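Asks: Input: one structure, supplied below.
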Amino acid sequence: MFNWRRSQLSCLCASTLAVFVMLALNVQGRPANISALKGKQPNSKEDNEILPPDHLNGVKMEMDGHLNKDFHQEVFLGKEMEEFEEDSEPRRNRKKLIEIFTKVDINKDRSVSAKEMQRWIMEKTEEHFQEAVRENKLSFRAVDPDGDGLVTWDEYRVKFLASKGLNEKEVAEKIKNNEELKVDEETQEVLESLKDRWFQADNPPADQLLNEEEFLSFLHPEHSRGMLRYMVKEIVRDLDQDGDGKLTLAEFISLPMGTVENQQAQDIDDDWVRERKKEFEEVIDANHDTIVTMEELEEYMDPMNEHNALNEAKQMIAVADENQNHNLELEEILKYSEYFTGSKLMDYARNVHEEF
């Protein structure tokens, strides 16, 4: 289970392990993503919306293999997460957290059980799913200008390159005439990755066209079992250094390329190793055989897996369960508000029972 109160000794162990990994392996950098291209100034808001997001709300791992550091808040707060991010006033956030507690506490016994938390996690995950569906409708319209409900790879490619600053009409004409497109190496690499992903999202019988549902899977692989499997394969491919299609602990915690130049960078590396080691050993490696298979990683990544939701509920409760009764009381959830919401409530203990 996750331990919110980390010991100082774990830092030393993580440092030692990090050094071992760097010496023992030909360490590869963390997998690349399309963030750099997203950082380029888009021509409009729609331009960024046609790119698959690096971050998937309610999914434990990012598209590039990083752990989702906001996962707990996402599955606890759902669409309310933005409200906590935008409003840093402790008293208002405290009131909102109390309101959430009352909603999670279905039987109104003033405590939250693992089953109640599991149900809540599934509800919040579904909220993220529905938000992705709504956003996808707008994104699909942006790449389907003729409104026929189907998008070809070439149509998408035109919109994508236009979002990178190329003239849309010129690009469309060159593609129509099979002329060479001159783009920088980074853009070409992303195009090739997107093309592979595009055809993976094309459900059988393959027609090289994506409808709105398939386009949703293209942007959000968590909505399709097949695309989730594809995402897992991509992550394993980027981390798997010996090519056996599985992940060892050493491969999973491989550090970024580069020499640690200062203490701050060393601390970042220590956190990287410690967090990934814990997640690998205690959560992802379901049968605890020290190897993570694609099947195990796929189960771990599936946001609608009820067994995962129950385990997550138990882990979240364990973080704040100071009286060890396997339930969460209001006082506990307020005290550990930073874990659940990302916001620290300095006055959590004041008048708890009165406001409740």
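Note: Cβ is positioned from N, Cα and C throughout, glycine not excepted.
Got these off Swiss-Prot a minute ago, pasting:
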type     : residues                     : note
BINDING  : D105, N107, D109, S111, E116 : Ca(2+) 1 binding site
BINDING  : D144, D146, D148, E155       : Ca(2+) 2 binding site
BINDING  : D240, D242, D244, K246, E251 : Ca(2+) 3 binding site
BINDING  : D321, N323, N325, N327, E332 : Ca(2+) 4 binding site
DOMAIN   : 92-127                       : domain 'EF-hand 1'
DOMAIN   : 131-166                      : domain 'EF-hand 2'
DOMAIN   : 232-262                      : domain 'EF-hand 3'
DOMAIN   : 272-307                      : domain 'EF-hand 4'
DOMAIN   : 308-343                      : domain 'EF-hand 5'
CARBOHYD : N33                          : N-linked glycosylation site
SIGNAL   : 1-29                         : signal peptide
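Could you give the neighbours, burial and distances for every feature on this list?
Replies: In sequence order, E116 are the residues of the chain that are 6 or more apart from N107 (Ca(2+) 1 binding site) and have a CB within less than 8 Å of its CB. Reduced to three states, the DSSP call for N107 (Ca(2+) 1 binding site) is coil.
Within 10 Å of the C-beta atom of E155 (Ca(2+) 2 binding site) sit 18 other C-beta atoms, taking all shown protein chains into account. The DSSP secondary structure for E155 (Ca(2+) 2 binding site) is helix.
Other Cβ atoms within 10 Å of the Cβ of K246 (Ca(2+) 3 binding site), summed over all protein chains shown, number 16.
N327 (Ca(2+) 4 binding site) carries neither a helix nor a strand DSSP state and counts as coil.
For the domain 'EF-hand 1' (92-127), the residues of the chain that approach it from at least six positions outside its boundaries are 58, 74-80, 83-84, 303-304, 306, 309-310, 312-314, 316-317, 325-330, 333-334, 337, 340-341, 343, 345, 347-348, 355-356, judged by C-beta separation under 8 angstroms.
Within the model, the domain 'EF-hand 5' (308-343) carries an average pLDDT of 94.
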Asks: Here are some binding-site residues: D240, D242, D244, E332. Which one has the most Cβ atoms within 10 Å of its Cβ?
Replies: E332
Asks: Taking Cα atoms as reference points, which of the binding-site residues D105, D240, N325, E332 is nearest to E155 (Ca(2+) 2 binding site)?
Replies: D240
Asks: Reduced to three states, what secondary structure does DSSP give E116 (Ca(2+) 1 binding site)?
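Replies: Note: E116 (Ca(2+) 1 binding site) is helical by DSSP.
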Asks: Need this for a regression test: binding-site residues S111, D144, D240, D244, filtered to those with Cα within 10 Å of N327 (Ca(2+) 4 binding site). What's left?
Replies: S111
